[in-house]
């Protein structure tokens, strides 16, 4: 059973450990009176340190590196209690861990002592390289954890940006579409006439609708009597008899020379060719 850990002022000493045990025992009695049970843990002891695990999930709750453990002892008055003091890697504070074991308290204390002996022998054999290697491995593991956390945060940011981009693309106009510009108006709030640009069907600002422009159809239309209507824009040289065509050419030359006609009625008669 893991009674917990508490901060101590000194890295070693019997009195230091005794005060920590007394404090944590009192805290356990209070928790029992409130109906809370003392949690059970599993210990893994090696030349690298002491790991405190959950017995069911095997999740590491505390990882106390061996070179940070400065003191280990079991209580002679209470054979169930054993403790060790370890320096925390983040806060650099000395913490005393207290455990309650019914039969193995003394054996666990001896096992931690044997782990110290084996680690020291290995240190001498490797010339101190093994300790440096373990420190480097611990630093790399911590860096890996930091990078994994940073990577998860960056993935969340990328996902948020992709969602914002999708929303922007939904509201944006399709590619290649041209937003129609409102035509400029004159001082009378009228749209000026432009022979180049076709008139749109949208009403002007004064509320009036411009008249539609008649579209020319390629189909030949006929009048009530079945005759084709006269169209000065579509007629050619071969549409009239030669004598009428010559008079039309003379009239065209006259217009070019400044000839004007007022109130004159033209009659095209193909029989006598008189005008």
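Here the Cβ of each residue, glycine as well, is placed from N, Cα and C on the backbone.
Checking TrEMBL for coiled coil across the ranges 130-171, 214-255 points to 130-171. Segment annotation: TrEMBL labels region 'Disordered' over residues 191-218 (candidates 79-106, 191-218). Within the domain 'PID' (1-126), the DSSP-based counts of helix, strand and coil residues read 45 helix, 43 strand, 38 coil. In the predicted model, the coiled coil (130-171) has a mean pLDDT of 82.
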